Amino acid sequence: VRPSVRPSRVPSVSLSPQQLKQQRDKLRQYQKRLSLGLERERALARQLLRDGKKEKAMLLLKKKRYQEQLLDKTENQISNLERMVQDIEFTQIEMKVIEGLKIGNECLNKMHQVMSIEEVERIIGETQDAVEYQKQIDELLAGSLTEEDEDAILEELNAITQEQLELPEVPSEPLPEKIPEVSPIKNRPKPELVAAS
């Protein structure tokens, strides 16, 4: 006869960091209630001893001791929950970093596929070829022009420049025969400069 396997009483639940924080806060509230109850029970035990009820006071102190042990266990549970929350949050950050690195690597790989070394070398080669071709054209033009050609080019440049200048119109009225004299402006004395103190 095979022993029957009992299903686990602990349900498999995955808690989020927020739910863990809520559990921690509930445990803290429970801890406060227990602490207040312990103070009341200690005061009650004193009163029972004054009244001569030593047995009841002893029973109350045993209950108080048991609750203090619960309080210690609760503190340990709170510490465990806080550690779990920190571990989960840190793991989530790590996962985001890893995901970011993964996306970055994918982008780099795509860029490397688009711009292979051969493609870059080809583009640089074409650019150098174009520069060399332009140099050859410049050398041919510079060598084939004579001094007369250079003079003709300068004359054409001057003509274009003259066309672009706008000269003012000449007045059609006759000039006055005598120009009225303008009285000279008397020299005013210059103010003396005083050094600032």
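Just so you know, glycine gets a Cβ as well, placed from its N, Cα and C.
The coiled coil feature in TrEMBL is assigned to 64-91. Residues 16-17, 20-21, 23-24, 27-28, 30-31, 34-35, 37-38, 41-42, 45 of the same chain sit 6 or more residues outside the coiled coil (64-91) yet have a Cβ under 8 Å from a Cβ within it.
Annotated compositional bias 'Low complexity' per TrEMBL: 1-21, in sequence order.
The annotation region 'Disordered' is assigned in TrEMBL to 1-24 (among others).
For 165-197 (among others), the entry in TrEMBL reads region 'Disordered'.
Mean predicted confidence for the coiled coil (64-91): the pLDDT average there is 87.
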